[in-house]
Amino acid sequence: MELKGEKQESSEDSGGSKGKMTLLLALVALVSAFGSSFQYGYNVSVINSPAPYMQDFYNQTYFKRNGVPMDSSFQTLLWSLTVSMYPLGGLFGSLMVWPLVNNCGRKGTLLINNLFSIAAAILMGTSELAKTFEVIILSRVIVGIYAGLASNVVPMFLGEISPKNLRGAVGVVPQLFITIGILVAQILGLNSILGNAEGWPVLLGLTGIPSVIQLLILPFFPESPRYLLIQKGNEEQARQALQRLRSWDDVDDEIEEMRREDRSEKEEGRFTVLSLCTFRGLRWQLISIIVMMMGQQLSGVNAVFYYADRIFQSAGVDSNNVQYVTVSIGAINVVMTLLAVFIVEALGRRILLLTGFGLCCVSCAVLTLALNLQTTVSWMSYLSIVCVIVYIIGHAIGASPIPFVMITEMFLQSSRPAAFMVGGSVHWLCNFTVGLVFLYMEAGLGPYSFLIFCAICLATIIYIFFIVPETKNKTFMEINRIMAKRNKVEIQEDKEQLKDFQTVPGGQAEKKETFNSEL
């Protein structure tokens, strides 16, 4: 029966040459991650260093127009808009994922998306010449839309083109480039480089360069074979794309697996966000990605980055040198995410998620203690530095990269774009909320605000431990069957369900029936 074929295909596929990292696959991963994910990271931290110079520019521009200086509350409002318009744009970008990837393809969406980034880079780079700060705020929305699309489409694209035994490693590459983007922005933002009164427009405008590079190179790479076969119904193009990606002519097993996915999906049709949210067969997958995305953003990673400077200053680091310490934290983030690329296939997703959130949980708890006691106990300020570093390590190996890998893996082709749209929207909405609420939380609770993050990490750990399955080295259909048991969809009687499986022994028939109704 087909089930045997599935098992056979998976055993062959996990060995053989099909599972190897080919040069083309590596290039596609690097170009799409550098051209898209890199800028998400870059724009997260690019305005931190030049903030005082940009605020001066806001003030001077306002003064030249109106003849009176800007009052401080208005300046605070403008600056918080400058910061928070980015995640808000990210939310809008996430809402555009479903229509774009279904109509233009994964590669097509990445190419179209570059236009947002290039437009925003030109506007931000020329804002000082044009003597307008409104353009900067508008550009932050545009570059946010860009990042919102990039943060969802790159993991989807890379997850679909990778062989199953490399899917986790390739899926962490976008997160690696996000951290590299953060680090590059921190380095270029040093006062001695571009983080000064003359250099900041250049610093903001540089974000367009990776986009131009991607726009020139990506068209020569293949589109996602799954998109070509399952959504476009073009098997010949899918086969050619797959042969190029695997640098291997015999791709029948993978094509057959896609066909099987395609057949079982024909019955359900394509999912919209609404049908995804109401479909019982995908209930736990949907809850899982929402929990993981909320955990990722609400675990306080932004707060730790905001607080880092102050934590180091209170530990006695000279205020002129704090920026170098921030860069070193960015470097730790990159190194640990790079480590995740290499260990995700060996250890699996669950262990990295649980370890990552566990480290974040413990370091938030200890950080609360350390921040409270640092005025009375002299060495506590050093403990808080250790906590920040442990927190960053935890987030970099598990909490940051793995949830996006899991969205690709827990959903099949028809529901994946809608799932990324939901996951991405939750990601950016929570990011926006933390950015908005954290300053008030900090004012009201001080160091105790980290206890809230600690509780959120703990809740996420408990959920992952009991609900989220290991997806390492499994085909999308196998993962789907595991989740179908959890959704208890075998109870639903479907009219076409056992059409060609009467002869299969009980247990297997039940399994097959499970994923038929699941899909």
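Glycine is treated like the rest: Cβ placed from N, Cα and C.
Residues or ranges marked as compositional bias 'Basic and acidic residues' in TrEMBL: 509-519. Taken from TrEMBL, the feature domain 'Major facilitator superfamily (MFS) profile' applies to 29-472. The region 'Disordered' annotation in TrEMBL covers 499-519. According to TrEMBL, the transmembrane segment annotation covers 21-42, 77-98, 110-130, 136-158, 170-194, 200-221, 286-308, 324-344, 351-373, 379-406, 418-441, 447-468.
Under the criterion of 3 or more C-beta pairs below 8 Å, with sequence separation of 6 or more, the transmembrane segment (77-98) and the transmembrane segment (351-373) do not qualify as touching, having fewer than 3 such pairs. With a cut-off of 8 Å between Cβ atoms, the residues of this chain six or more beyond the transmembrane segment (418-441) that come close are 80, 83-84, 87-88, 90-91, 93-95, 97-98, 101, 144, 148, 151-153, 155-156, 271-273, 275-277, 282, 285-286, 289-290, 292-294, 296-298, 300, 302-303, 306, 403-404, 407, 410-411, 449, 452.
Of the candidate ranges 200-221, 286-308, 324-344, 200-221 has the most C-beta pairs within less than 8 angstroms of the transmembrane segment (21-42). For the transmembrane segment (170-194), the partner stretch with the highest count of Cβ pairs under 8 angstroms, out of 110-130, 324-344, 379-406, is 324-344.
Residues 284, 287-288, 291-292, 294-295, 298-300, 303, 349-350, 353-354, 357-358, 360-361, 364-365, 367-368, 371-372, 406, 438, 441, 486 of the same chain lie 6 or more positions beyond the ends of the transmembrane segment (447-468) yet place their CB under 8 Å from a CB of it. Within its own chain, the transmembrane segment (136-158) is flanked in space by residues 28-29, 32-33, 36-37, 39-40, 43, 54, 78, 81-83, 85-97, 100-101, 106-107, 109-110, 113-114, 116-117, 119-121, 123-124, 127, 170-171, 173-174, 178, 204, 207, 224, 404-405, 407-408, 416-417, 420-421, 423-424, 427-428, which lie at least six positions past its ends and keep a Cβ under 8 Å from the stretch. Cβ atoms under 8 Å from those of the transmembrane segment (286-308) belong to residues 45, 276-277, 325-326, 329, 353, 357, 360, 364, 388, 391-392, 395, 399-400, 402-403, 406-407, 410, 419, 422-424, 426-427, 430-431, 433-435, 438, 442, 449-450, 452-453, 456-457, 459-460, 463-464, 467-468 of the same chain, restricted to positions at least 6 beyond its ends. Ranked by Cβ pairs under 8 Å to the transmembrane segment (379-406), the stretches 110-130, 200-221, 324-344 are led by 324-344. Residues belonging to the domain 'Major facilitator superfamily (MFS) profile' (29-472) score a mean pLDDT of 93 in the model.
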